[in-house]
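K.L.:
Sharing a structure, written as structure tokens. Questions coming.
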Amino acid sequence: MNVFPKKIMLLGSGELGKEVAIAAKRLGCYVIACDRYNDAPAMQIADQFNVFNMNNGSELKEVIYKCNPDIIIPEIEALAVDVLKEIEQKITVIPNSRATAITMNRDKIRDLASNELNIRTAKFSYAVNQSELDLHAETIGYPLLIKPVMSSSGKGQSLVKNKNDLAQAWNLAIEKSRGKSNKIILEEFIDFDLEITLLTIRQSNGKTLFCAPIGHEQKNGDYQCSWQPAELTESVLEKAQQIAKRVTDNLGGVGLFGVEFFIKGEEVIFSELSPRPHDTGLVTLISQNLNEFELHLRAVLGIPIPEIVCHEASASRVILASMETTDVAFTGLEQALSQSNTNVFMFGKPSSTEGRRMGVAVAKAETIDEARIKADNAAQSVQFINE
């Protein structure tokens, strides 16, 4: 018998963690939100919160043993994963410590997909110094992408068009790298037709479910807008689902995974994977009967998912801060919400820097183009001000 309530610890309390916390509270769970800064979005929902450096293994272990959760849900990559491996003997880690460790580093997930599973990816190589970078860049060819092996939300990513840009790209990647790693990945630039996320749900009954594919656009590697359903041929969708299942089956565990692909003609090229709700999946807050956060919690808690319904053409657009402030204020909600089938979700971040993601606008319409226009208009209506 599955006895509730469960005590859930979130490691990471940003906007995605906040929506996970909301979904958990609706199922009667006790939520403990953790992050490196106070008043993080999920902390505003949680029953309890802790502020500490989650990269510090001793601090992480101390907080986990003090709180004694039933389930630990990592919501970010910057974690002392060795502690999770040890803790996993006593406490459930979602999806598991191995998947968390593999997906926090671009080299590990890329090696798994390309080398172990023989899945098509962009051509890639690694470098730990400038001379290796120069050598591998000539082999891969220009243009190419340079990224830190450890980073998130596109931090440290550069599109390099010729060898004159290599030094600057190297310096940026090292500067923005998470932790002390000086390893970078060089990646072939794919001139793709479409970039998609396939939300893939592994359940405790052994079944795997898929949401309708989500198309998205990025700027410097960071999500800007998404739409659902993305238009794919049946054969392309089937290929993407097969690849997503192969990779997630290898990683194991339960929960929702965000699997990213490049689509070029009939070719499906694996890009990245997150073992948790995905930022591009924020569109599901309006597009589906169960959003990605509710699906994640149902899979984690062993609750049935009878069906996943994508209602109609839907889109999202991020709301970005235009200034740096510790006193966040904004206007424009009246205009943003004057359109039918439109909503705005502000994340409640306590401070902003220029370009920081502070919210998202979502909309439904008869067509994807109409939904995207509505979401764009709503997002543009929200303006940040100095009070």
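Backbone N, Cα and C define each Cβ position, glycine as well.
Straight out of Swiss-Prot:
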| type | residues | note |
| --- | --- | --- |
| BINDING | GLU15, LEU16, GLU75, ASP279, LYS349, ARG356, ARG357 | N(1)-(5-phospho-beta-D-ribosyl)glycinamide binding site |
| BINDING | ARG106, LYS147, SER152, SER153, GLY154, LYS155, GLY156, GLN157, GLU187, GLU188, PHE189, ILE190, GLU195 | ATP binding site |
| DOMAIN | 111-301 | domain 'ATP-grasp' |
| BINDING | GLU260, GLU272 | Mg(2+) binding site |
K.L.:
Within the domain 'ATP-grasp' (111-301) only, compute the mean pLDDT.
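P.N.:
When the pLDDT values over the domain 'ATP-grasp' (111-301) are averaged, the result is 95.
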K.L.:
Only counting partners 6 or more residues apart, tell me which same-chain residues put their Cβ under 8 Å from the Cβ of ARG356 (N(1)-(5-phospho-beta-D-ribosyl)glycinamide binding site).
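P.N.:
The list for ARG356 (N(1)-(5-phospho-beta-D-ribosyl)glycinamide binding site) reads LEU320, ALA321, LYS349, given in order along the sequence.
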K.L.:
Over all shown protein chains, what is the count of other CB atoms within 10 A of the CB belonging to ARG106 (ATP binding site)?
P.N.:
21
K.L.:
Using the alpha carbons only, what distance in Å do you get between GLU272 (Mg(2+) binding site) and ARG106 (ATP binding site) once rounded?
P.N.:
8
K.L.:
What three-state secondary structure does DSSP assign to GLY154 (ATP binding site)?
P.N.:
coil
K.L.:
Around ARG357 (N(1)-(5-phospho-beta-D-ribosyl)glycinamide binding site), how many other CB atoms lie within 10 A of its CB?
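P.N.:
Taking all protein chains shown, ARG357 (N(1)-(5-phospho-beta-D-ribosyl)glycinamide binding site) has 20 Cβ neighbours within 10 Å.
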K.L.:
What is the Cβ neighbour count of GLY156 (ATP binding site) at a 10 Å cut-off, with all protein chains included?
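P.N.:
Cβ-Cβ neighbours of GLY156 (ATP binding site) within 10 Å number 24.
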K.L.:
Would you kindly give the Cα-Cα distance separating ARG357 (N(1)-(5-phospho-beta-D-ribosyl)glycinamide binding site) and GLU187 (ATP binding site), rounded to the nearest Å?
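P.N.:
Here the two Cα atoms lie 26 Å apart.
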K.L.:
Count the other Cβ atoms sitting within 10 Å of the Cβ of GLU272 (Mg(2+) binding site), across every protein chain shown.
P.N.:
18
K.L.:
Using C-alpha atoms only, work out the spacing between GLU260 (Mg(2+) binding site) and ASP279 (N(1)-(5-phospho-beta-D-ribosyl)glycinamide binding site) and round it to an integer in Å.
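P.N.:
So the alpha carbons of GLU260 (Mg(2+) binding site) and ASP279 (N(1)-(5-phospho-beta-D-ribosyl)glycinamide binding site) sit roughly 11 Å from each other.
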K.L.:
Count, for each of the binding-site residues GLU75, GLU187, ASP279, the other C-beta atoms lying within 10 angstroms of its own C-beta, and report the residue with the smallest count.
P.N.:
GLU187
